[in-house]
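Annotated topological domain 'Periplasmic' per Swiss-Prot: 1-5, in sequence order. Taken from Swiss-Prot, the feature transmembrane segment covers 6-26. If you look up Swiss-Prot, you'll see 27-333 marked as topological domain 'Cytoplasmic', on the strength of sequence analysis. Among the features that Swiss-Prot reports, compositional bias 'Basic and acidic residues' is placed at 72-81. Among the features that Swiss-Prot reports, region 'Disordered' is placed at 72-119. Annotation source Swiss-Prot lists compositional bias 'Polar residues' at 92-107. The feature compositional bias 'Low complexity' is assigned by Swiss-Prot to 108-119.
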Amino acid sequence: MQELRLVLILVGALAIAALLFHGLWTSRKETSSKFGKKVDIDFDSDVDDEQAAPMRGFDQPKEDVVVQKERKEPAFAREEVPTSDDPLFEGTVSSESNKFTQQEKPTVQQAQPQPQPQPVVQQVQEPTVGRIEPEAKPVAAPVKREEPTISFSAIDDEVLTQPEPVQAKVDIPETSTYLEPEIIIEEPEPEPEPELEEDVIVINVHGMGSDRFSGNRLFNSLEQNGLVFGDMAIYHRHSDLSGAGKVLFSVANMVSPGHFQVPEGEEFSTPGISFFLPLPCYGDAEHNFKLMLQTAQMISSELGGNVLDEKRDMLTPNKIDEYKQRVKVFCRK
């Protein structure tokens, strides 16, 4: 549909253009047929009349020189005037022909060119300058001048004895070297880290039910696991198995006042014992904690007891991890 519409529009536009062109062509043809019957006019006479008209009423002065050049006009052939049926055109043509026949061609006289006046050159006489003779000056009597005799030896002596030029001493001030003061930037002292509060890791070993640990059997188990009876009447684990060196952890009686009555032997008994590791401690805290846990488990298995936490509850893996986290805080320091 769109293509058909475009084709129709183009065809309509071409038809309108053809109609317009045909109308213009016919109107031109009619006008040319009406105005084509013109009388040939002698353009030479018209031009001559136009040039001669302004000169008829005036007398030209004789001094003016008029030079008329021959103009080469195109020659137009006379055509026969076609007869027209229109009475209006016949009247105009006849009147124009009569008018042109009545007019006479003016005669133009060629004036002889006069010689142009040559400019007069005036000669200017230059003024003559006379020689002025200087006045005669009185002549004075010649005076005899005695020229002094110059001895070169004296000049040489003077040259030799001339004092040497004295060089002026100029005190040049010493330039003082300006040293820029060193800028010392004091580094801020690190703030002291807050001291950690002391902590204590406690592991208890308790007898089964109402069982109690007897004295000799308990003391032998403690000594076999590297514990030594010492200060405060309790057992200690030292850095050296011989009992010398720093204390790593200690074992006390679960019953107050917490010390052991070793001399009593078989008469001594207790429901349980407590292992405790003070923090911070000597050496590696993690290593000391592992050693204390292993020792408590060994003694518990030998005596037939249970390993409990600080609240005397069963020691679970989660509780052991909590102990390890508390120990790591002191290991970083």
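Placed from the backbone N, Cα and C atoms, the Cβ positions cover glycine too.
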Inset, instruction - Check the topological domain 'Periplasmic' (1-5) for me and report the mean pLDDT. - result: 84
Inset, instruction - State the residues, same chain only, that lie 6 or more residues beyond the ends of the topological domain 'Periplasmic' (1-5) and have a CB under 8 A from a CB inside it; answer 'none' if no residue qualifies. - result: none
Legend entry - DSSP-derived helix, strand and coil totals, residue by residue, for the topological domain 'Periplasmic' (1-5): 4 helix, 0 strand, 1 coil
